[in-house]
Each structure stands twice: as structure tokens, then as C-alpha cells.
Amino acid sequence: GNSPLARSKASAKMEAKGRFRVNFVDSCSQSMESMQNGDTTNSESGSTSHLYDTHSNTYYMRTFGHNTIDAVPRIDHYRNTVSSIGEKLTRPSLAQLHDQLGKEPAEDTYVNGEGGGPSEDELASQVVESSGIVKFGWIKGVLVRCLLNIWGVMLFMRMSWIVGQAGLGFSILIILMATVVTFITGLSTSAITTNGFVRGGGAYYLISRSLGPEFGGSIGLIFAFANAVAVAMYVVGFSETVNDLMAEHGAVIVDRINNIRIIGTITVVVLLGISAAGMEWEAKAQVLLLAILLIAIGNFFIGTFMPADEEKKSKGFFNYRGTVWYTDWPQSRKRITLMGGFQMFLALANTSGILKDPQVAIPKGTMLAIVISTIVYLVVAAVSASCIVRDATGNLTDAISLGSPDCQTAACFGGYNFSACRERQCEYGLINNFQVIALFSAFGPLITAGIISATLSSALASLISAPRVFQALCKDNIYPGLQFFAVGYGKNNEPLRGYVLTFCIALGFILIAELNTIAPIISNFFLASYALINFSCFHASLAKSPGWRPTFKYCNLWVSLFGAAVCCGVMFLINWQAALLTFVIVLALYIYLTYKKPDVNWGSSTQALTYLHALQHSLRLYGVEDHVKNFRPQCLVLTGVPASRPSLIDLAHAFTKNVGLLICGHVHLGPLRQTLKEMSVNQVRYQRWLIQQKKKAFYSGVCSEDFRQGVQYLIQAAGLGRMRPNTLVAGFKADWTTCGVRAVENYVNIIHDAFDFQYGVIIVRIKEGLDISTHEIQGWGETGTHSQEKSHAVGKEATTETQTEDDGSPEAEKSSERDPSTPHGHKKIDERESERKSRRSRPLLWKAIENWRPIRAFTAAGQKMAEVRSHFQKKQGTGTIDVWWLFDDGGLTLLIPYLLTTKQQWKECTIRVFTGGKINTMDENKRIMANLLSKFRIDFSDIVIIGDINMKPGKDSVRDFDDLIEPFRLHEEDFDKETVEKMRTAEPWKITDDELEMFREKTQRQIRLNELLQQHSSSANLIVMSLPVARKGAVSNTLYMAWLETLSKDLPPLLLIRGNHQSVLTFYS
């Protein structure tokens, strides 16, 4: 009633339900109410609102009797999808518990393969649809189906024949071999099914979730096909039995082959109707067929105890006689096939989706079915060998007196002489008559009924299994073209389209009416599936993933591996041609899926083992000192948003692909709270973009309020063990004259920092610029909206501020403030407006980059963007890579162009080496360089010695340089000494007259080198030049940038390279 005790109990129950519990009041109308007792609160729109603690005057929940939004542990927090036994609930995010009050909590991000909980509408519809679904326990769902498959035609029509051919001893060996295979497979299946919730799909689901979509998708397709063809095989077996009965009674339709076709077609149509009627009817039919089968088996055993009359004796049946058993024990007439035995034994639960609790039902039902069936097969084999002789004529005239000295066969002890069977083929006996069990049972028609039940039950089981396995395969979208068959109908999600497809395949093979052709292939397909199930269990155990925690403990990884090997061996024993064909088909499908890379993540053991191997090899590598012969350029590329500078990634990828490490660095600038959210949201997106672009690279982002500090984080922390960057790659900062003093200072200091950390440095410059974000903004006419969202992440600054244009990377830092040291001042953006913009699901840059292809031709900016994007993607053709190796930096300046020429895009380019020398020793210098290059085993097309590097540059070039640095000069000659000191203190970045005079010779060298580059390398495909080094504290930032600008302007694509002055090349073996 309404007593206080009752109310307190009800309150306790509601508290135990946890957070975000949805109460479905009316399942018909699917109406929903929010529970206003402190468990949840819904907004007016119906969506669940964020929860805060009691101080924010919103709803809260009570845990352990206290006001808190912390949720107690419960299973609903760990669900991936909605099922009939509960819905996915979402625990409070860390931001909701940890962030300051009054702040909007950061957006939830999902890791480890989890996704967000379903909406209320989805919950309502799925729970309503799940009501009334037919689910079976371990007896109806597994045991009955396995027994019906195992006790098929093999038991009644082939077991006695195997005993006659191989003898009882070898027959027992065959049965035990089949039992070993199926028992080990059953152990592996039980381990896999008890390691997590199992859905529909049977062997496909087990393999795909364990080994991944490549193995699962390849075996799933042929497994579904094998089940469909198995329908035809069982129906043809049934049709042959019916045709033999008709022949005995003189009933003929057309001829034998066409009779089988007609009967088979009618039968498969009836079976399709039963299957389409639903699982309830199919289950009832299976139970009825099993009952008939059990009666038939009992009828056979009873018949063996009934005294044999003279007619039965003439056909080889003598009840239990030791002499018959003795003669049937060891002998083997010929090599027999194991096909049917293994196929019938390998019946596991392909309909796991219709089980109430697959984790309990599959281990219990499968293992018990294997044990029961093994016993029955052994008993039938022993009884057949003890009661029936191998050959019999069926003639009463062959009776002889007992003890006749002329009779040497086993039947002689029963009063018959069947020695005539040595001269001709007899009609009766274990070897000659497949229906021998029916002849000697208590009531022959019951055996026929058992055979019919066995064939129909097996056909019905396969007809049910094939569409469901195929439906599960299609739902996973492994093969996108097969999505049509993923649709299910009715409360049981019946795969009606799959039924039709299975019917068509089965009908096609029924019309062939030849079992001996298709049976070996089917058996090999099934055996391949079970080999992979065993291998899945072995692989999962070997990977040592913390997620591998099966509750079924009676499984060992080496036993599973042995089972997989035995399955493969049996495949070749059955039919080596069919086994080879099976391997070829599986391999072809595996290669196809590996190439297509299905977009799924199931946490497979392949991933776990890959991680384990990577960890082990990384640790092993870390224990070995670096050697110059194994040097690899391992690059930290300051890209910012990777999609904003594809050419920079393309070039770095060209000389690191399959050679060294490539990490795309991105500094998210701004307040930590905002940048953390953006970095976590975009981490997966940017890495996925690299994968889609087929770049073997990693994405690494850091948060910092200062760009240089962020790059220092990357330099120090990127990589792992020996797999750490040793080379910094950045674009040239072409907007250094306008971007502001702070930006230039950061850029130059990053180069200094790289040298301090013993990094090599590569600076890339192309005429068009590397940043396509500004091009896309101009091309799509979005400048107005985008101008407020310019970023200082690794776009303009964080990509080492390499571009003339700002980096339009909205994902980076929309809320970061403008650098107050820039000429444009700084612009404070309202925090709330910034956060609102950052939550937009499709940032402008990504929209433009993803859609540049269709509209790039309509605008000049769009065409320019396309050219920049594909600059280093296209094949370079015949040309040269000019290497200006002016200073010995350890060989990195020479190694990078060599690595480029090993790649397909640059393969036709040759290397020309330019170096400095004296005019009077040019031939000797050329000979020395050629000898050095030959020792390094680096091919070159020409060596050019530049003897006039130290000549003064032209007046026009000098005037251009003076004009370039004019805005950055201090001009102290125009002021008195005291004023000059104040100016130097206020503007330390300006170039003084003393500094300019001190480095005049070096300045003129940069100007002269540009003239020489224009003269010798203006037509090169790529120029590689030694990067000039500025001494810290001596050369101002603006003067150094002026050197780089003068050196690299108006040239083809240029790499300025400086190694860390440690050898990366050697001529020793």
C-alpha cells in the first residue's frame, strides 16, 4: 500500500536504476515519460539534459543517499546497442563531474569502440519491436539442431558402409578423428561465445569479431554459400530415398534424374514455406523430426536383438556373433572418403541470434550433442560389425551345413556360404547395400522415416542458417553491394530476401542432381570455417588482450591451434583439389577485403596481436644503439590541420614511406579548456583523413597557449623509444614581412630549438604556397564568414607559420586571441561566441576540402588550390633534382634526394650535385666528389663545381635585398647614441648597422647563391639546398628571414636542409 516502508522500498528501487532511465508506459503508442524522482530530467524538446550537482538548482540523483550525479556501476552503462534485455545508458562524463559550475561541460567523446546511447525514440521503437521475439534455450536452440545435423544420412546410409569398407577398427578411428576435430572446435567455440555477447551469424560472427573483417568477411561469404548448397545436397538425398521407394512400388514419374529434380523442387518449396512462416514453426518441425529420428534409432537397436530368420541370414544378418565381429574388425578393402562423417559432425550453432543466452546455450548444447552423437555413432558401428557380414548374396540356396570345411567366410558359422561374392558384385551386406540398417531393423519403414527426417531436418537447418549468416554479413556492410539482403522483416527480423536467394542457389544445385560433385567442396568450406574458429581462439589467447576473458575455462591455445591444423589436414584428406580451391577462394576474398579496408572496428584479436608485436619490437629496438647504416629520416612535420597542407605531407611522405617515421604535428592554440575539447574531437578525424589519403603517417596534437612552446612539446614528446623524430619539416613562412614580430620570433626560435634538440631541419618552399585553406576560402566565396575564424594553431603559426596566407583551420583554435605583437594588434573574441562556433559539426575548411573537386574549375582560386594540392602527387617525369651540397651536415642533404628517386613519382628524375670549389682546382674537386658519391653508392647524372660563389652579387640583387630589409632596419646613424640605445631596447628585433656590416659577406653569399640558382637550376623539378645557420644571439630574426627569403625566392620547389652534423651516410659495410 502507501505505508512508509512500501514507499521507502519503492524509492530504493528507483535509486538503483541509476541515471537516464527511460520508462516506457504504453508500448503501443510508444509514449514516454521522464522520471521526475531525481533519476533523470528531460528538456522540453525531449532530449536528456546535462546534469549538474545540487548547487546549480537543477535535477540531481541520489547515490548512497547523497546528492550527486556520480552513477553506481551497472550493466546498462556497458552496452553497445539496445537489446531486449536492456537499453544503453550513459554514465556522467568526466567533464560533468570535473568542470567548474556554471560552465557548459565539454562534449562527450567516445573511445574504445563505444558510441553514444540511443535516442529516446530509438529506445522506444527498439524495445517495442523486441517484444514478442522468439528466443530458444539450449535444448531447442542448440542441442536439437546439432543432433539433427549429426544424425543425418551419414548415420543410416553411410556408417554401415564405412564399417564394411574400413573394418570396425578403422571405423572407430575415423569416428574418433571426427570427434577430436569437433570436440576441439566445440571448446574453441565455447571459449569465444563466453567472451562476450554473441549475436546472429554463427561461425561468421565468431570469426569476424575475433580475427577481424578480413577473415570474417572472406569465410562468411563462402560459409553462407556452403549452407545454401547444403540445402540442395540434403534435398537431393531425400529425393533419392523417395525415388527408391517409388521404384520399389513401381511408381515412375519420368526417369531417375528427372524424378529427383521434380521431387527436390517440390521439397525445397515446402521447406521455404516452413522457414518463411517463422522460427516457431521451424522449431516445432525440428522437434517432431528429432522424435522420429530417435524412434528410428531405437527401432534399429531393437531389431538387432530379434532372432534372424532365414531371409535375413541370406542377406547377411546373423544377430550378435563373435566371428562376424572378428572378421569385420581389422580389414580395409579400399581407401574410403571421410567427407560425410566430418561434415555431419561439424554442426555448430549458426543461428546464435535466436538464442536466449548464447553464452550458456552454445557451450552446453554443442558439447553435449558431440558427446551423445559420438556414443551413438560408436555403438552403431560396433553393432553393425557384430551382426552383419560384409558380403551377402540374398539367396536362400547358399545355405550350408555348419562346420563345412570348404567354407572360410564369416557367414559359414551362421550356415551360409557367400564365397560367390568374391567373383561378382553382390547386392547385400555392409559393403553393397546402403539400406542395410533398414533391412534388419525391427520395422523397416521406421528407418526410412528416420532417413527422411534426417535429410529434411538437415535441409531445414541449412535453409535457416544460410540466410541468417548472410544477413549478418550484409548488415556489417563488409561487401557494400550486398546491403539489399541486410533487411529483415517481422518481429524476428526474418531475412526473407536471404531466404529467396538461398532458395535460388539450392534450386540450381538440385537441378544438377549430382551429390558427388558438390559434397567435397561443401565439406571443405565447412572445415575451413571451423579451422578459422580454432585459429580465432588460439589467436585471441596469443594476443594476451585484457579483453579476452572467456568464462569457459576448458580451452587451451595450443589445443586450438592443433584443432585448426587437423581441420586443414582433413580438408586435404577428403579431396585435395577441393581443399586447394577453398584456400584460393578464401585467400582471394581476404586480399580483396584487405585492399578495401572495411570501415569497422570490432576490437579483433588481430588488433591486439598487432599491438603486442609493436610493443615487443619497440622494446627490443630500444635496447639497441643506433647505427649509421640504419639511419632513417624520421620526420616531425608541422602541418597543423593535415588537410590544409597536403603538399607538405605528400613531399615528406615521398621520402619516408616504407623507410621512416612520419608524424604530423599540430599545436592547438588557446585556452586549455577549449583546445582540449577540440583536440579530442578532431584527433580521430585527422588520423582518418591520413588513412583515407593512404599516408603512412601519424597525427599528433598538443595544446598550448604559446605556439613555440607547443612545438617544443612535440619535439620532446613525439614518438616512442627509437621511433622518435630526428628531423623537423616545416613550410617556409612566406608572410614573415607582414605577420608580426612575435610570429617571426617564434618561427626562427623553433629552428634554433630543433638544432638544440639535435634535430635536422628541412624547410619547404614552393611558389604557390603550401596552405590551401586560404585558396579554398577565396574559391568558395566564404571570406566574410571565415575571416573571424582565422587560426594560429599549426596553421599559420603552428605549421611553423609557413604560409603567405593564414591557415583557415576552424578545428584548430577558433577562440584563441590574436597575437598582440602583430601589426594588426589583437582581436578579443567573445568566449561564448567562440565556443558556439567550435561546436559546429562541419567546419568550413573541411567542407571546402572535401568538395573542392566538383567546383575547382569555376574559380581561379579553386584551380590554384587544386594545383597546390596535387603538386607532389603527380608523376614528375624526366627531369633533375639539383642538390646544392655546399656544407657537410652529415649527409642528410644528399640522403633525402636519393630517397626521393627511389619512389615511383620521382623515379625518372636524376640527381645533379652542385658544390663549391676553387676555379683552379675544379677538376680535382669534381673527381673528389665523384669518388665520395660512388663510395656512398648514390647515382648521379652530373657534378658541377661552382667556383664563383664568393663573387659579389649584381647591383639589382643587392638593391632588392636592401628594399626587403628596409622596414626592419634601425638606422641608428640618424640618432644620437642615447636614443639608439633606447631604440635597441624597445625594438631588439630590428637590424642594426653593426650587425649588417658584420654579416655583410654572408648576406652577399645568399644573394649570390640565388643568382646561381636562377642560372643553373631554374628548370629543375626540385632543388635541395644546404640551409644557412644563424648563430643564436648574433643574427637577428628578421635578418635571418631575409637571408632565407633572398636565397629561395623565384625558384622551383626548394628544400632547405641542414642535418644535425652527425653522419647519416657511410661507405663501410
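Using the three backbone atoms N, Cα and C, a Cβ is placed for every residue, glycine included.
According to TrEMBL:
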type     : residues : note
DOMAIN   : 53-104   : domain 'Amino acid permease N-terminal'
TRANSMEM : 136-156  : transmembrane segment
DOMAIN   : 141-636  : domain 'Amino acid permease/ SLC12A'
TRANSMEM : 168-198  : transmembrane segment
TRANSMEM : 218-239  : transmembrane segment
TRANSMEM : 260-279  : transmembrane segment
TRANSMEM : 285-305  : transmembrane segment
TRANSMEM : 367-389  : transmembrane segment
TRANSMEM : 498-515  : transmembrane segment
TRANSMEM : 521-542  : transmembrane segment
TRANSMEM : 554-572  : transmembrane segment
TRANSMEM : 578-595  : transmembrane segment
DOMAIN   : 645-1069 : domain 'SLC12A transporter C-terminal'
REGION   : 780-836  : region 'Disordered'
COMPBIAS : 787-799  : compositional bias 'Basic and acidic residues'
COMPBIAS : 811-821  : compositional bias 'Basic and acidic residues'
For the transmembrane segment (578-595) and the transmembrane segment (498-515), does the number of C-beta pairs under 8 Å, pairs 6 or more apart in sequence, reach 3 or more?
no
Rounded mean pLDDT for the residues that make up the domain 'Amino acid permease N-terminal' (53-104):
60
Go through the chain and flag residues at least 6 beyond the ends of the transmembrane segment (218-239) whose CB is under 8 A from any CB in it; none is fine as an answer.
152-153, 157, 201-204, 207-208, 259-261, 263-264, 267-268, 271, 350, 451-452, 455-456, 458-459, 462-463, 465-467, 469-470, 472-473, 478-479, 501-502, 505-510, 512-513, 515, 518-519, 521-522, 525-526, 528-529, 532, 582, 585-590, 592-593
Assess whether the transmembrane segment (285-305) lies in contact with the transmembrane segment (498-515), where contact requires at least three Cβ pairs under 8 Å among residues 6 or more apart in sequence.
no
The transmembrane segment (554-572): which same-chain residues, six or more beyond its ends, come within Cβ distance under 8 Å?
177, 180-181, 184-185, 187-188, 190-191, 338, 342, 523-524, 527-528, 530-532, 534-535, 537-538, 541-542, 578-579, 582
Segment proximity, the transmembrane segment (168-198) to the transmembrane segment (498-515), 3 or more C-beta pairs under 8 Å:
no
Quick check for me: are there 3+ Cβ pairs below 8 Å between the transmembrane segment (367-389) and the transmembrane segment (168-198), leaving out pairs under 6 residues apart?
yes
Please indicate, using numbers and ranges, the residues of the same chain that are 6 or more beyond the transmembrane segment (521-542) and have a C-beta under 8 Å from a C-beta there.
181-182, 184-185, 187-189, 191-192, 195, 203, 206-207, 210-211, 215, 219, 222-223, 225-226, 229-230, 233, 339-340, 342-343, 346, 348, 548, 555-558, 560-561, 563-564, 567-568, 570-571, 574-575, 578-579, 581-583, 586, 605-606, 608-609
